[in-house]
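S.K.: For reference, the structure I am asking about is given below.
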Amino acid sequence: MQKYDVIVIGGGHAGVEAAAASARLGVSTLLITPKSENLGEMSCNPAIGGIAKGTLVKEIDALDGLMGYVIDQAGIHYKMLNETRGPAVWGPRAQADRKLYKKAMYQILTNYPNLEILYAKVEDIEIKSSEIKAVILNNGSKIPCQKIILTTGTFLSGLIHIGSKKIPAGRVDEEPSYGLSNTLRRIGFKLSRLKTGTPPRIDGRTIDYSKVESQPGDKVPRPFSELTDNVNVPQINCFVTKTTTETHNVIRANLDKSAMYSGQIEGIGPRYCPSIEDKIVRFSTKSEHRIFLEPEGVDDHTIYPNGISTSLPEEVQHQLIKTIPGLENAIILRPGYAIEYDYIDPREISSTLETKKITGLYFAGQINGTTGYEEAAGQGIVAGINAALAVKNQPPFILTRANSYIGVMIDDLTSFGTLEPYRMFTSRSEYRLSIRADNADLRLTEMGISIGVISEKRKEIFTIKCKNIESTKSLLNTLCLTTSKLAKMGIQVAQDGTYKTVLDLFKIPNFDVEQAIKIFPVLKNVDNNILQLLYIEAKYASYLVRQYADINLFQSEEAQLIPKNIDYFKIPSISLEIQEKLSYNKPITIVAARRIPGVTPAAITAIIIYLKTKYNDRRST
């Protein structure tokens, strides 16, 4: 059997990004997944992006990942969320045509250099002396490899719940993986349970659209990927309805039949994506909850009713659907359900996503306690890059809180772990003014180029964009008007007799790109995305100065690497409790050590002094 450098187990959103990233770095990569038709499957809602999540997608794209480009081949309803608020919290989002998304993903992966795909099931992993040796398929055959990336999604001992009915499955009509759960336990990983859910799917032909509110997308779709010039997929509307008092009464009368409330489910569900049962119980004073009716495709009559995830019995689901305006005669095509699955404590992995127990074993996606396609994909690309770099004996690729949302997510997980499905939010980032969706490529693409994970095409596009930014910035600094002339135009500026450039004007409240173009028509010929970027940078300029100072302080501590072989028990001024925490978590930088709960500032000072006296420098050994 051929030996591979990297084997990725699982073809979901984490798996496809991991496999593609590994292959881009030139190492032989094998992606193992049960079915060809499920590559990049959208198991839950047919959408990519959102608040914070959209920034994750842009970061994946900046590292030459797949998700942003694929959604641009399948997006049927683009919407910039939070646009009435500051640019730091804007959330690009797009509804997807499920069929087009899978088709585009399949076409890319099956033609990817250095990547092979095997449609099979993995039963076990062969490990010797705490190092990866091979994967073992369910037919007993072995495939040798150097590195393994586990991206198992909800398949680890997956169990679907519909009322009192239990169905062993990783997804509808797909078998779970018990073998890999057993493997992880045998290795010594502690497995816990999480839960997620999905709503019933509805036949759109049976909806009364006169009773629901139409929700159009943006007039001009803004692509996710820097590789996309224009979105050519037909755009369609979504719709909004809401629950009623009658809906709530049906749910309350049947709470004891819900798998969530009968005690049948052990796993903890996502706090910020609660089931409809949870909403009725936790927000009992609310008389209604919004439901977004999302088409699953241009030529697909299936509707995803976002907002009514449930584990109620199927017959109760039929009752509650008929109490919702516009859905009185709606037909359910597939019932909603909850699904439980195993995950590991993400403090068992490092910031490269390699496990601390086993050299060459990486975890990405829901196995680490996250929820969401974008969170999974962000981990997948990092795991794929690091597995390939390790094969090539090159330094690891570390994203930090200061340069990316992906870095924030990984740092949160590896520092604190999680007891519930982790979802990304803008509020999790202390540097969100500088790590926005609009500048993801400026933050990360150069890093990707330096390690060789960026294609020549993207490199060329990035180089041209950087030159255009500089030339546009020069133009904006050249175009100017006197304060008196601006006052005559109704623009409120201090009358100090000076000239104000366009970049100066961008700092004025309520002055925007459209006004600049009206005053200086030459700007019509400039790339609007670049104008928006420079507008945002100018608008935030004074805040960014302070934030960059904070980032510099962070990076100085981030640069203080802690040797892998450090013995914390030899630092006498640190308490035994803190020594044990540091030994367990194995932080690789001073910043990581500082973020471990219970590690005091005095302990950090003691570590820094110890490193200076023991190693006489800041380099890892």
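Any Cβ shown, glycine's included, is placed from N, Cα and C.
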S.K.: Suppose a student reads Swiss-Prot and sees GLY10, GLY11, GLY12, HIS13, ALA14, GLY15, VAL122, GLN366 listed for FAD. Which of SER164, SER177, SER415 should they find annotated at that same site?
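M.R.: Within the candidate list, Swiss-Prot flags SER177.
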S.K.: As a test of the contact definition, list every same-chain residue at least 6 positions from PHE283 (NAD(+) binding site) whose Cβ is closer than 8 Å to its Cβ.
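M.R.: In sequence order, HIS289 meet the Cβ cut-off.
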S.K.: Give the maximum pairwise CA distance in Å, whole number, for the residues GLY10, GLY11, GLY12, HIS13, ALA14, GLY15, VAL122, SER177, GLN366 listed as binding FAD.
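M.R.: Max Cα-Cα spread across the FAD binders: 18 Å.
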S.K.: In whole Å, note down how far the CA of ALA14 (FAD binding site) lies from the CA of ARG271 (NAD(+) binding site).
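M.R.: Taking the Cα atoms only, ARG271 (NAD(+) binding site) lies 22 Å from ALA14 (FAD binding site).
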S.K.: List, in sequence order, the same-chain residues at least six positions removed whose CB sits under 8 Å from that of GLY269 (NAD(+) binding site)?
M.R.: LEU194, LYS195, THR196, GLY197, MET260, SER275, ASP278, ALA338, GLU420, PRO421
S.K.: Taking the Cα atoms as reference points, how far is GLY12 (FAD binding site) from CYS273 (NAD(+) binding site) in Å?
M.R.: 20
S.K.: Just give me the nearest neighbour of GLN366 (FAD binding site) among the binding-site residues CYS273, GLU277, LYS279, VAL281, Cα to Cα.
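M.R.: Of all the candidates listed, CYS273 is nearest in space.
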S.K.: Rank the binding-site residues ARG271, LYS279 by the number of other Cβ atoms within 10 Å of each Cβ and report the first-ranked residue.
M.R.: LYS279
S.K.: Given the binding-site residues GLY10, ALA14, VAL122, state which is nearest to CYS273 (NAD(+) binding site) when distance is taken between Cα atoms.
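M.R.: Comparing Cα positions, the candidate nearest CYS273 (NAD(+) binding site) turns out to be ALA14.
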